[in-house]
Amino acid sequence: MGLIRVLANLLILQLSYAQKSSELVIGGDECNINEHRFLAIVHTDISLCTGTLINQEWVLTAAHCDGGNMDIYLGVHNESVRYDDEEGRVPAEKFFCLSSRNFTKWDKDIMLIRLNIPVRNSAHIAPLSLPSSPPSVGSVCRVMGWGTITSPNETYPDVPHCANINLFDYEVCLAAYPEFGLPATSKTLCAGILEGGKDTCVGDAGGPLICNGQFQGILSWGDDPCAQPRLPAVYTKVFDHLDWIQSIIAGNTDATCPFVNF
């Protein structure tokens with residue numbers, strides 16, 4: 001078993017820029033240009049991640065995607081073709097569940113970013129709403145990004161790819177990764193394809209898991225090589241963090257994250 005992808009993501013900037021390092025999905029197809037208007041590229045000194053625009057001023061991503069000199073790009077479909085409505089932003093503020101930015105307890109890998117300037121809805125930019133209810137085990141979920149489409153050797157395309165995967169009971173991930181000592185209960189989601197072949201991968205961290213049209217998860221980590229049988233990925237559960245997200249957006253910067261008894 002290789003290093004988990006949360007670590008591999010931090011090494012992605014060492015790749016040649018000739019490879020077009022960004023975000024993508026193993027076993028997927030090119031996304032429809034109209035289905036990812038909320039998708040953000042999150043670029044820092046140490047990593048390339050993705051994020052999700054949840055209103056004109058706020059982006060959700062993974063805490064481990066934090067780094068210096070962060071740039072956020074919205075409205076991108078083809079990295080070699082610039083659209084008139086593409087937007088670049090930097091963070092005005094970043095908020096974390098833990099003041100120490102410690103995501104090693106797995107349930108706290110979430111970061112809320114306030115953009116320095118709000119974006120406007122356009123042909124290629126529009127937010128994705130927060131979920132109104134939790135997801136159901138067995139749901140078919142959509143993942144997307146510009147990350148590597150091959151693993152362990154990495155190949156980066158110019159356009160985002162999308163794939164459908166399944167939402168499992170959390171116990172499936174407990175059984176898949178016994179060596180990590182995962183907590184018995186968790187505010188994360190477990191998703192993938194048990195027979196392998198489709199998966200998120202290096203560079204997709206922080207990206208959305210969309211189940212039945214609702215934004216339910218933020219990619220946290222998975223196995224490397226990607227898309228192996230019976231080794232699904234782990235996603236921060238957005239629904240369980242709604243109170244924290246909405247409180248921060250409303251101006252309560254002292255809001256605390258939900259507690260899990262480990």
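Each residue, glycine too, has its Cβ placed from N, Cα and C.
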Answer for the disulfide partner of Cys31 (Swiss-Prot, candidates Cys65, Cys97, Cys141, Cys162) is Cys162
Choosing among Cys97, Cys141, Cys173, which residue does Swiss-Prot name as bonded to Cys257 by a disulfide? Cys97
Swiss-Prot annotation, disulfide partner of Cys190 among Cys173, Cys211: Cys173
Just choose from Cys141, Cys201 the cysteine that Swiss-Prot connects to Cys226 via a disulfide. Cys201
Please report how many Å separate the Cα atom of Asn153 (N-linked glycosylation site) from that of Cys201 (disulfide bond), as a whole number. 11
Identify, in sequence order, the residues in the chain of Asn78 (N-linked glycosylation site) that are 6 or more apart from it along the sequence and have a CB within less than 8 Å of its CB; answer 'none' if there are none. Asp158, Val159
When a 10 Å sphere is centred on the Cβ of Cys211 (disulfide bond), how many other Cβ atoms does it contain? 24
Cα distance, Cys257 (disulfide bond) to Cys65 (disulfide bond), nearest Å? 18
